[in-house]
Amino acid sequence: MKGVDHLAHERNKTEFDVDAMKIVWAGSRHAFELSDRMARLVASDPAFQKDGRIRLGRKELFKNTLRKAAHAWKRILELHLTEEEAGWLRNFVDEPSFTDLHWGMFVPAIKGQGTDEQQQKWLPLAYKMQIIGSYAQTELGHGSNVQGLETTATFDPETDEFVIHSPTLTSSKWWPGGLGKVSTHAIVYARLITNGQEHGVHGFIVQLRSLDDHMPIPGITIGDIGMKFGNGAYNTMDNGVLTFDHIRIPRNQMLMRVLQVTREGKCVKSNVPRQLIYGTMVFVRQTIVADASTALARAVCIATRYSAVRRQFGSQDGGMETQVIDYKTQQSRLFPLLASAYAFRFVGEWLKWLYTDVTQRLQANDFSILPEAHACTAGLKSLTTTATADAIEECRKLCGGHGYLCASGLPELFAVYVPACTYEGDNVVLLLQVARFLMKTVSQLGSGKKPVGTTAYLGRVQDLLQCCCDVQTAEDWLKPSVVLEAFEARSARMCVARAQNLSKFENPEDGFAELSADLVEASVAHCQLIVVSKFIDKLQQDIPGKGVNRQLQNLCYIYALNLLHKYLGDFLSTGCITPKQASLANDQLRSLYSQIRPNAIALVDAFNYTDHYLGSVLGRYDGNVYPKLYEEAWKDPLNDSVVPDGYHEYIHPMLKQQLRNARL
Ligand SMILES: CCCCCCCCCCCCC/C=C/C(=O)SCCNC(=O)CCNC(=O)[C@H](O)C(C)(C)COP(=O)(O)OP(=O)(O)OC[C@H]1O[C@@H](n2cnc3c(N)ncnc32)[C@H](O)[C@@H]1OP(=O)(O)O
Ligand SMILES: Cc1cc2nc3c(=O)[nH]c(=O)nc-3n(C[C@H](O)[C@H](O)[C@H](O)COP(=O)(O)OP(=O)(O)OC[C@H]3O[C@@H](n4cnc5c(N)ncnc54)[C@H](O)[C@@H]3O)c2cc1C
């Protein structure tokens with residue numbers, strides 16, 4: 001049987017309406033139609049082809065990215081695409097570039113932190129790309145510790161200007177994307193100093209390069225920070241270094257929604273909390289959660305299709321060997337990742353809703369939900385990016401040797417994805433933020449303050465500390481209330497235990513530092529509970545399409561029960577479940593794998609990825625893996641000649657030497 005036939009046969013086994021699932025995955029019919037149209041537009045345009053990208057040198061690679069970004073912008077204008085359509089188009093071009101920072105951080109920073117007048121001035125320029133912006137926060141010496149940034153913005157009342165300066169080597173801005181070679185402007189984060197007094201870190205709009213000849217503004221030193229991990233991958237991005245030598249900008253270029261500096265240099269606080277300065281990070285962390293499901297789904301799609309095509313062992317009487325997807329070990333590694341892709345999709349949807357809700361409340365001067373929004377975006381960003389980076393690597397291994405070939409698409413996907421664990425907040429640093437939020441919530445329980453939102457379960461802490469799981473059969477693990485209670489009890493018990501340990505320290509900060517590794521574990525438990533509960537909420541919605549809800553249920557329980565299996569230590573040591581119940585959960589998990597098995601290919605087809613976007617020979621829709629892999633190998637530049645360059649200098653003399661030695 002040819003690869004093509006393998007997948008056709010697989011698709012015939014499907015037990016649900018794939019088209020309906022495509023809409024569930026996309027979020028709505030509108031989102032499906034729009035993303036589908038944009039994916040096809042990009043895939044059919046030769047200017048966006050990705051072949052051979054990994055073989056390009058840095059300069060060629062970068063220029064190629066500039067070409068694609070310019071072509072994308074041209075098409076956006078020609079086709080009068082909406083902002084939403086343009087976002088999808090850029091997404092399917094699938095190449096990190098300065099436009100990510102421009103649209104993803106520069107524009108949102110002005111929207112979130114700029115006054116109305118500042119927005120009116122700068123946004124139209126940015127929307128027309130008459131200026132290109134970056135987000136320059138991190139410095140050589142400080143990234144996580146934002147309050148430790150060293151760049152200064154000193155107000156000069158004589159000229160009504162700020163003087164932006166880099167006082168030390170470690171104050172050099174370092175990492176901002178798009179900064180190295182492209183951006184004309186940046187939101188620069190610097191310590192505000194007026195009348196000799198410091199007022200914390202704030203954002204300033206600073207022009208970096210001339211709009212005529214692209215030369216840096218005198219006093220600005222700027223360049224690229226060098227090659228990063230992997231071929232191709234994130235090297236399409238010009239992450240930059242930037243220093244200021246007393247650069248002057250007008251006073252009205254400080255983003256002043258949170259704090260205004262008057263003509264006299266007086267600081268006037270608005271009613272907006274200081275934390276809004278961090279608002280852009282909250283926005284981007286929320287988009288990163290949605291992106292995690294996309295990246296994870298790509299890897300899972302490749303590994304699932306290839307696992308159905310690949311055969312090893314088990315041939316009897318010269319018959320066919322076993323498809324590797326039929327090995328239980330393969331299923332137990334692959335299907336939880338498939339389930340995670342769906343789980344992260346739905347929690348991403350919910351987080352987007354939460355963010356929209358927060359934004360509306362902020363506009364109405366209601367800031368009460370900000371700490372929760374910060375904890376959720378930070379925690380879920382950390383949880384989903386860590387899991388996705390690990391999962392891409394697992395998918396590579398699931399594809400055996402061929403997964404290590406760049407033609408599988410997985411090495412580049414890993415290299416381009418893995419920095420998501422670091423940018424927008426190191427994942428451990430973010431979990432520590434969640435831990436602070438949880439400990440604060442627990443400490444306030446005695447005062448009668450009722451926790452709300454994602455921590456509402458902590459309001460039932462007494463019940464959760466005592467509850468006993470009443471699972472008696474494997475089927476009992478298919479009850480949403482049972483699963484939810486087990487995850488709530490585990491998280492609540494971990495939080496309370498950590499809070500009790502913290503209370504033994506005289507100085508809470510010393511306690512927090514000493515117990516930080518334990519605290520991070522509690523944060524993970526809490527975030528996993530959020531993902532499980534949002535998946536369960538999704539199942540309660542009226543989801544049309546034959547068999548769709550059934551598949552989603554199976555995936556939801558696979559996600560939850562696999563976590564239960566993986567973190568069994570937590571569940572057992574906190575007494576949430578017994579060893580016998582854990583064993584029943586495992587029995588149920590195996591049964592769920594068998595139920596998912598015939599639907600696996602259709603479940604990855606529901607992602608609706610084009611072959612162009614997947615960029616993988618192993619993950620091709622038609623399953624025609626071997627002939628294409630063979631074809632691909634011959635495209636390697638090493639195969640341009642039969643006898644390689646270097647033969648005459650290095651191989652031939654060595655062989656001759658051996659011959660001479662042998663004769664002696
Ligand atoms: C259409 C196209 C769309 C495309 C979209 C795709 C875009 C994707 C682009 C991706 C490209 C990647 C580009 C990468 C960019 C970057 O990496 S930018 C730099 C990001 N940097 C960070 O994330 C730094 C991480 N550090 C921090 O976030 C914080 O400084 C810290 C760790 C939180 C510091 O903690 P601390 O010292 O305690 O901070 P304080 O300043 O003292 O604040 C304390 C109180 O503030 C609360 N808080 C902290 N952060 C936030 C926040 N973001 N929002 C709300 N509140 C916050 C914190 O909880 C404390 O509260 P209290 O306890 O109540 O006092
Ligand atoms: C590809 C990429 C793109 C980026 N793009 C941008 C951009 O466009 N703009 C921008 O401004 N920045 C950007 N950054 C920078 C990024 O935001 C920072 O690297 C990130 O916030 C982590 O900070 P750091 O590098 O200072 O790490 P560090 O904080 O130095 O982390 C080093 C280690 O210390 C640990 N650690 C740090 N603090 C604590 C603590 N309090 N407790 C326990 N452990 C701790 C961390 O867990 C980590 O293991 C980018 C980074 C990358 C990799």
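Here the Cβ of each residue, glycine as well, is placed from N, Cα and C on the backbone.
The following features are taken from TrEMBL:
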- 17-132: domain 'Acyl-coenzyme A oxidase N-terminal' (DOMAIN)
- Thr138, Gly177: FAD binding site (BINDING)
- 278-439: domain 'Acyl-CoA oxidase C-alpha1' (DOMAIN)
- Glu424: active site, proton acceptor (ACT_SITE)
- 480-656: domain 'Acyl-CoA oxidase C-terminal' (DOMAIN)
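In sequence order, Lys173, Trp174, Trp175, Pro176 constitute the residues six or more apart from Thr138 (FAD binding site) in its chain with CB-CB distances below 8 Å. The Cβ of Gly177 (FAD binding site) lies under 8 Å from the Cβ of Pro96, Phe98, Asp100, Leu101, Ser134, Tyr135, Met237, Asp238, Asn239, Gly240, each of these being in the same chain and 6 or more residues away along the sequence. There are 23 other CB atoms within 10 A of the CB of the residue listed as 'active site, proton acceptor', with all protein chains counted. DSSP gives Gly177 (FAD binding site) a coil state; it is part of no helix or strand.
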